[in-house]
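What TrEMBL records for 2-353 is domain 'RecF/RecN/SMC N-terminal'. Here TrEMBL flags GLY30, ASP31, ASN32, GLY33, GLN34, GLY35, LYS36, THR37 as ATP binding site.
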Amino acid sequence: MFLSRLHLRNYRNFAEQVVEFPPQGAALVGDNGQGKTNLLEAIYYLEIFRSFRGAPDEQLVRFGEEVFRAEARLSDGLGGDRTVSAAFDRRARKKKVALNGAEPERLGDALGQVGAVIFSPSDVEIVAGGPGGRRRFLDIVLSLAQPGYLSAVQRYRQALFQRNTLLRKGSSRALVEVWDAGLVLAGSRVIAARQRWVAARADSFAAHYERVAGGQPGRLGYAPSAPEMAEAQGEAQVQEAFRGALARAADREQRRGMTLVGPHRDDLRFTTLSADGAVLELRTYGSGGQQRTGAIALRMVEAETIHEARGRQPLILLDDVFAELDPGRSQRIIDWIETEDGGQVILTSPKPTDFHVRGDTLPRWGIRDGVILQD
Ligand SMILES: Nc1ncnc2c1ncn2[C@@H]1O[C@H](COP(=O)(O)OP(=O)(O)OP(=O)(O)O)[C@@H](O)[C@H]1O
């Protein structure tokens, strides 16, 4: 399956655009502000039904318009086609998603149809920014890859919201505790899934980091909000540890008026080693380049995850990722793409690059003011 056709109407600065993509992908070259990121954002919108940049849907509607629509056609090259589409009405604040023209029962059922991974300069924020961005990363990847994860997150958020409302109002402990069973059940599912994913991908992350960084070590770990949860393995042990952590935090929670333990306070940890062997957090001590390398290695393990979940090569979207990397690192990313035997690649750049992707078979298109220029 590859993205064979994209149809955009009133998405950002695209008025009406139809693009036919070949199976190997395409390279888009255009000046700043012409719509390169917008195009990749639109493709990835059809994967997760929201902007990867975190923009609210209203902002995606072309200025002066009311509704945007995006549709992707995925083809297996043998005549088998599938479509996924999304539309958002700014005035009615309504989003509609369809698979092959039919609305799925739940939005979650339509997630991940494109099977894409996006590499963007803003990924550095996952490593360098606050823990919310890292939890968001985990929640998106696991929602795409694991059935049931998204609904566990949603149940957890509901229980957390109710519990926090009571804590904020200073309600009695007995009232707050009514929500504990639901919180622990859904929360442990989320924590155990995240821990399993990190454990399963840690070696691969380390290998990607080391390769891209030209030999420097890099590690990925999961940091739960309470120490006893770090020891727990599997959902049952996490539940027990979560209950224990809640009991220990009860007085503090009453004082602070909020839930202090659980997956909403967990974090991902990126580390490297100093010259004398000390463990350094990339977030606080990493250079810009090291933080970018951590983000790229993370996207690479995401690509492996999507590959396994979908049973096919992911569509790789590269948004001007080479701009801030040294040539060695850039080349090693290209080498990695080349080993992803034959998956589709769509890359953007403000200027023609010297990097040779897919044996230079990608057609090179221009883009100006929301119009794609194919020759
Ligand atoms: N809702 C919208 N309607 C119309 N135009 C929009 C909308 N949102 C953003 N734009 C326009 O899209 C352009 C930015 O596009 P985009 O972010 O894709 O740039 P780019 O080609 O990736 O540039 P760069 O190389 O600087 O990253 C801006 O000119 C902006 O005004």
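Any Cβ shown, glycine's included, is placed from N, Cα and C.
In TrEMBL, annotation is done automatically, which means it is predicted and not curated.
Of the binding-site residues GLY30, GLY33, GLY35, GLY35 has the largest number of other Cβ atoms within 10 Å of its own Cβ. Long-range C-beta contacts of GLN34 (ATP binding site), restricted to its own chain and to partners at least six residues apart, with a cutoff below 8 Å, comprise ASN13, ILE367, ARG368, ASP369, GLY370. Apart from the site residues GLY30, ASP31, ASN32, GLY33, GLN34, GLY35, LYS36, THR37, the chain places the Cβ of ASN38, THR348, PRO350, ILE367 no farther than 8 Å from the centroid of the site's Cβ atoms, the recorded ATP location.
Checking the binding-site residues ASP31, ASN32, GLN34, LYS36, THR37 against ligand 1 with a 6 Å cutoff on the Cβ atom leaves ASN32, GLN34, LYS36, THR37, in sequence order.
Every protein chain shown contributes to the tally, and the Cβ of ASN32 (ATP binding site) ends up with 8 other Cβ atoms within 10 Å. The average per-residue pLDDT of the prediction over the domain 'RecF/RecN/SMC N-terminal' (2-353) is 95, rounded to a whole number. Counting every protein chain shown, the Cβ of LYS36 (ATP binding site) has 22 other Cβ atoms within 10 Å. Within the same chain, residues at least six positions away from ASP31 (ATP binding site) with a Cβ under 8 Å of its Cβ are PRO350, ARG368.
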